[in-house]
Each structure stands twice: as C-alpha cells, then as structure tokens.
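Peer 1: Sharing a structure with you now.
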Amino acid sequence: MSVDEDNLLQGRVLSVHGLQSKVLGDNGVLYACAVRQVLKSLSTSQRNVIVAGDRVWFRSESRDGVSLKSEADGMIERVEPRTGMISRTSRGRQHVLVSNIDAMLIIASAEQPGIKPALIDRMILTAHQCQIEPIVIINKVDLIDLVDLQPLIGVYSSLGYRVLPTSAETGQNVAYLRALLKDRQTALAGQSGVGKSSLLNAVQPGLGLAIGAVSSDNDKGKHTTTASQLIPLADGGAVFDTPGIRQFQLWDISAGEVAGLMPDLRPYVSGCRYPDCLHLAEDDCAVKTAVADARIDARRYDAYCHLLEEELM
C-alpha cells in the first residue's frame, strides 16, 4: 500500500485495544491511533490488522503537533512487513500475538501452578518455527528444592537451550534476567499464574503490573494481562507481555514437520526406512531405535508423541 511518507510519522505499536492502538512514535510521543479503513479490508485469516510490536507509518491529527489530551491522536496508514511473529490457534484460525521479536522467554513455574513440560515443548517448537531463540525460565523456585528440577533442566540444557531458574519473590537470578533482556525484543509466554508480571516488576521496579493469585481449587492462575502489550525497558530493549496461555496450540505446523523442529530427534529422521515416517508405529524407524538405545530422552519422545496424537492428527 503506497503512502506519502513525507507527511507521516513512524512508530511502534505498544498495545491494541479494540479499534484503537497505542503507538510510541520515534519522536518519543505516545499516540492513540485509529486504523485507516483500507487497512482493515486487508485483514485475512492469516493476518491481524495491527498487533503489538508492529512498525507503522501514521498521520498525527493533533493540532500543530500539540495534543489536546494526554496522548496525541493519530491515524495508522501503513504497517511495515512483519518478522519474528508469534501466533497461536484461536477458533481454528491464526491469531498473531506479537511481531518483530528476536527471542521468546518461555516462563513456567515450579509450583502454583506446577511445571508443564508439554507446554514448554509446544512453545519451543513455535519459537523454532518463527526462527527466534527460545529461553526457558522456571519461576517460583523458592517454593521447591531445586535439586528436583535438575533432571528437567539437564534435558533442555543438553539440547542447547538456555534455562534459568528464577524467583520474583527472593530476587534469585533477576539481575541475570535483566541483563539477558537488555537491547533485545523479547516476548514473554506462559500459562496464567506463572509469575510473568511479577518477574517484570522485579526486573524493572516501578512498572506496577497487576499480579493475580492462583486458584487453590484447580492450580490455575487468573489472567492479569488481558491484551498483548510492548513494554520498553529502561536499560534498552523491550518485552512483550502476552495474555496467559493455557492451551498453546501450534499454528501451521504439520505432523511431518515436528521431528525436524526438535534438535534431539532431527539427526535421526533421515535414517528411517519410510520418507513420510512419523516415528510412531512404523517399522525400521531410526528415531524409535534411538529412543530404545537412550540416545533420545524418553520424556522428550513422549512429548513428541503427545504433540502429534493430541494436536496434529
């Protein structure tokens, strides 16, 4: 879509609320922007009109560059091509959560709610598909004996993933996490109640993000983040706080692609007898042989089977 860039400003979308988007202009001014009608008509089942993280061109509608409100008004005219998108399935369609990121912070909790490796594995697959770095954070480690987590940490670490145990309550590894986020565009993903908002408040005191409790009846957290939002960090970079995801379904990944996205299964895929082998019940399967020989961790293979059988078949 062609626009007259000479009369437009550039900025980045911080959050989207219904028909209005908060855009931080490159000039440092915060704008409340509507979306040009022609952009809405371009929306398809594969693309949201505007999402947090989008780079946009917009027209300022404030008088002489001075707003009559706390935020200047604007009209978004064009969205730049997206990179590093994270999506999930919503009612059978792609729902883009955030765009233009280079890392995904996958936050789980050791307790309240308990850790769910299958959810971590699904998020890691999504990060690989988006070609962004997955980083695993296990929060609330003050509630358990860290020795109990060592086998799980060992599995992910052996695959080359960074794994960081943290506690927003005690401050454990918060300084390391702050350094890890510096000058990066990072999405936070995890189910409700794992402590995403608490960690952000610890990383950057003064944010004042709302913190929800975990239900003692079902061990599930309450949603405190209701829409994806970009939060600039004082030390450089930004994080995208996304709504808690209880069922993080894979988007646009076929059953035949999953093994190739798992670094521990990938080396054995080409050794199978059948090119379309799914490594479940087929004969002469190199992946199953590697599991039997303990060259592939049995828990990881079980997670692979669960992903295929529960979500992709």
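The backbone N, Cα and C atoms fix where each Cβ goes, and this holds for glycine too.
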Peer 1: Among Cys285, Cys305, indicate the single residue that Swiss-Prot lists for the Zn(2+) site containing Cys272, Cys277, His279.
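Peer 2: Same Zn(2+) site in Swiss-Prot: Cys285.
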Peer 1: Based on DSSP, name the secondary structure state of Val194 (GTP binding site): helix, strand or coil.
Peer 2: coil
Peer 1: Spatially, and counting Cα to Cα, which of the binding-site residues is closest to Cys272 (Zn(2+) binding site)? Options: Asn139, Val141, Gly190.
Peer 2: Gly190
Peer 1: Pop the Cα-Cα gap between His279 (Zn(2+) binding site) and Lys196 (GTP binding site) into the table, whole Å please.
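Peer 2: Lys196 (GTP binding site) to His279 (Zn(2+) binding site), Cα-Cα distance: 35 Å.
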Peer 1: Pop the Cα-Cα gap between Gly190 (GTP binding site) and Cys285 (Zn(2+) binding site) into the table, whole Å please.
Peer 2: 33
Peer 1: What mean pLDDT score does the domain 'CP-type G' (89-248) have in the model?
Peer 2: 83
Peer 1: From the centroid of the CB atoms of Cys272, Cys277, His279, Cys285, the recorded Zn(2+) site, which same-chain residues not already listed sit within 8 A by their CB, in sequence order?
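Peer 2: Sorted by sequence, the hits are Ala259, Tyr268, Val269, Arg273, Tyr274, Leu278, Leu280, Glu282, Asp284, Ala286, Val287, Lys288.
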Peer 1: Within 10 Å of the Cβ of Asn139 (GTP binding site), how many other Cβ atoms can be counted across all chains shown?
Peer 2: 29
